[in-house]
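Right, one structure below, let's go through it.
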Amino acid sequence: MGIELVCLFLLLLGRNDHVQGGCAWGGAESCSDCLLTGPHCAWCSQENFTHLSGAGERCDTPANLLAKGCQLPFIENPVSRIEVLQNKPLSVGRQKNSSDIVQIAPQSLVLKLRPGREQTLQVQVRQTEDYPVDLYYLMDLSASMDDDLNTIKELGSRLAKEMSKLTSNFRLGFGSFVEKPVSPFMKTTPEEITNPCSSIPYFCLPTFGFKHILPLTDDAERFNEIVRKQKISANIDTPEGGFDAIMQAAVCKEKIGWRNDSLHLLVFVSDADSHFGMDSKLAGIVIPNDGLCHLDHRNEYSMSTVLEYPTIGQLIDKLVQNNVLLIFAVTQEQVHLYENYAKLIPGATVGLLQKDSGNILQLIISAYEELRSEVELEVLGDTEGLNLSFTALCNNGVLFPHQKKCSHMKVGDTASFNVTVSVSNCEKRSRNLIIKPVGLGDTLEILVSAECDCDCQREIETNSSKCHNGNGSFQCGVCTCNPGHMGPHCECGEDMVSTDSCKESPGHPSCSGRGDCYCGQCICHLSPYGSIYGPYCQCDNFSCLRHKGLLCGDNGDCDCGECVCRDGWTGEYCNCTTNRDSCTSEDGVLCSGRGDCVCGKCVCRNPGASGPTCERCPTCGDPCNSKRSCIECYLSADGQAQEECADKCKAIGATISEEDFSKDTSVSCSLQGENECLITFLITTDNEGKTIIHNINEKDCPKPPNIPMIMLGVSLAILLIGVVLLCIWKLLVSFHDRKEVAKFEAERSKAKWQTGTNPLYRGSTSTFKNVTYKHREKHKAGLSSDG
């Protein structure tokens with residue numbers, strides 16, 4: 001046994017040899033603290049193993065401890081392990097006694113886990129042949145299911161006959177449901193309470209929640225007889241109280257007659273959705289469902305009007321707890337809803353039911369065969385803080401990671417599952433887990449505990465002479481000092497030496513938290529990343545900035561948190577070279593005069609400039625014309641505009657100098673200015689590659705125009721043009737008048753007038769004759785003659 005342990009330990013050494021740093025860096029002061037530092041850390045309990053640097057050096061990987069001189073028997077490195085308590089072989093073939101059937105292996109084990117380390121165990125499941133079956137038929141007896149009730153009156157005999165081909169031990173039972181008998185789920189008039197179908201008119205039973213009618217029995221004729229006696233009921237809303245019925249059928253184990261060693265099938269038949277959860281608050285029912293059996297002496301659900309409908313989560317818990325497999329037989333309109341429910345409920349299946357339940361027998365047989373062709377594991381118990389993962393190995397030999405289900409299995413085939421378990425921290429308490437196949441009563445019980453203790457902790461020497469005159473207890477190779485004493489061997493008294501001398505300033509941790517105060521002096525911890533040093537362990541050579549993952553860009557040394565760059569390098573993390581060779585263009589100009597050399601690379605300044613040395617610049621133009629804006633601003637600016645001109649020149653990468661430079665190294669330029677002057681200047685480049693403009697001159701400038709004379713000439717020209725136009729107008733008018741007069745004279749000389757009366761003339765005297773006057777004279781003459 002000892003040789004086997006040594007071989008196992010050496011194997012672990014080889015596996016963990018690559019793990020570096022994390023253990024020693026943790027600063028563990030005891031064996032238990034070391035085990036918590038990491039899953040690959042080990043503790044050396046060998047006496048006098050460390051020097052004054054303290055106990056932290058004892059915690060490291062096993063390989064590093066061996067390299068430091070720790071002997072193998074003194075290395076504490078607990079590993080995760082499995083202790084199998086019970087492992088009966090899986091049953092093969094038919095078993096006479098159902099209590100002897102074993103369908104899962106192993107059956108019981110203890111799992112001790114090192115925090116952070118995984119442990120894998122294998123679970124095997126094999127469904128035995130001729131396994132007993134209990135089938136409970138739960139039917140919706142609302143008015144819409146009347147034709148279905150007539151169809152299943154002979155179902156018992158036919159179902160028993162078909163199931164006898166699959167198992168020799170078959171029992172079936174019957175129950176029914178409608179709805180909670182309370183408003184608003186039913187009408188509450190006296191007539192409707194007595195006969196909910198009175199408005200049709202038709203006689204039906206009063207609304208009820210759930211009735212358990214026939215316990216599980218092998219008498220198929222008894223089932224038929226019970227079904228024939230059933231009558232429908234009615235309610236108002238479309239959803240039914242089916243989930244109330246499922247809950248009672250699952251938890252009322254004794255009354256239903258569920259056997260321990262059998263397959264429990266619950267066939268749920270309905271043509272409507274089901275209420276769940278808080279739907280019952282519409283009826284003022286607010287007490288949550290308690291998940292207990294509430295069948296009275298008449299086998300009716302007595303708490304239908306008191307407790308809420310169960311939630312989906314409550315149904316799942318109780319169905320799994322009682323190993324009940326649910327078969328939803330529902331009509332076309334409801335299939336989608338119940339498929340969603342089945343996805344949440346382990347082992348549940350959905351079948352399409354015809355309008356009159358004509359296919360119920362085929363549906364049940366198909367669902368049974370589907371359930372027997374699948375093996376799925378479920379985990380019960382306290383899993384909080386545990387990491388569990390599954391890998392399925394089905395009968396085709398293919399691995400399915402992260403899957404705990406095998407499909408298309410045959411009865412008698414073996415399904416294997418690799419279960420990987422780990423814990424993340426140490427827990428004093430143990431926990432119990434149960435792994436079981438869905439729908440089967442066989443279980444694997446697992447007791448899980450954390451392995452966080454070292455063997456050396458069982459032995460302790462109080463007031464040991466190894467701890468300087470008995471000033472501490474010796475355990476696992478280190479001294480735990482009594483109050484008032486300190487130091488690796490408890491050789492210093494706290495009243496003699498103050499830890500303030502190990503603090504850089506008041507309020508700072510002792511030895512910067514990276515060392516131990518040993519009798520007034522800091523002994524810095526060892527670090528896998530480098531050295532920790534300084535009177536207060538405040539410095540190290542590994543905490544500087546990194547460039548591309550390299551400390552100080554690999555171009556300098558880290559000293560107390562700052563990079564000290566080597567020759568030819570600069571910058572905060574020594575990533576910037578001072579060499580300008582790569583910035584010099586072919587003509588020897590730094591960045592072609594169009595940029596600045598930054599860290600050995602050209603940063604092009606001119607718009608459009610590109611290339612390693614800014615040599616490409618299609619938009620830069622000729623060097624003379626590109627300086628036009630700078631030159632013209634300089635020539636036209638007064639004292640106040642000099643800053644604006646300096647900005648314009650800076651924008652094109654140039655400066656203007658009054659000094660004279662060598663004409664041999666300068667480029668001569670000439671431009672035509674806005675004022676028609678010829679501007680001449682020279683361009684040169686200094687040692688830094690910057691453009692310098694000098695020797696700026698203006699020549700051949702035209703004289704400015706005589707503005708007063710121009711204005712006088714223009715005015716006289718305008719006046720002269722006006723006079724000429726006026727004369728021309730006068731000549732044209734005179735010519736036209738003369739022409740008209742001559743024409744008139746010619747026409748007058750040709751005219752010959754005749755003597756006669758002007759038809760338009762009227763005389764000055766007019767004679768008017770009064771006709772009335774003549775008659776009046778005649779009348780007077782007549783009167784005279786009569787007289």
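Every residue, even glycine, has its Cβ placed from backbone N, Cα and C.
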Mg(2+) binding in Swiss-Prot involves ASP140, SER142, SER144; of GLU47, GLU57, GLU240, the partner in that site is GLU240
Listed alongside ASN235, ASP237, PRO239, GLU240 for Ca(2+) 2 in Swiss-Prot, from GLU179, GLU191, GLU192, is GLU179
What Swiss-Prot calls N-linked glycosylation site, among ASN463, ASN770, is ASN463
Per Swiss-Prot: Ca(2+) 1 is bound by SER144, ASP147, ASP148, LYS355, and from ASP60, ASP271, ASP273, ASP442 the site also lists ASP271
Among the candidates CYS452, CYS456, CYS502, CYS511, the one bonded to CYS476 through a disulphide according to Swiss-Prot is CYS456
Among 646-673, 674-701, 730-757, Swiss-Prot marks as region 'Interaction with HAX1' the stretch 730-757
Of the disulfide-bonded residues CYS204, CYS492, CYS597, CYS624, CYS669, the one whose Cα sits nearest to the Cα of CYS41 (disulfide bond) is CYS492
Out of the disulfide-bonded residues CYS204, CYS614, the residue with the smallest number of other Cβ atoms within 10 Å is CYS204
CYS620 (disulfide bond) and CYS614 (disulfide bond), compared by Cα position, are separated in whole Å by 11
CYS576 (disulfide bond) to CYS23 (disulfide bond), Cα to Cα, whole Å, comes out at 36
Closest by Cα to CYS204 (disulfide bond), out of the disulfide-bonded residues CYS23, CYS519, CYS565, CYS574, is CYS23
One of the disulfide-bonded residues CYS23, CYS426, CYS583, CYS599 has its Cα closest to the Cα of CYS565 (disulfide bond), namely CYS599
Reading the DSSP string in three states, the entry for CYS597 (disulfide bond) is strand
Per the 10 Å Cα distance test against CYS583 (disulfide bond), the disulfide-bonded residues CYS197, CYS452, CYS519, CYS669 reduce to none
Mean per-residue pLDDT in the domain 'VWFA' (131-371) works out to 91
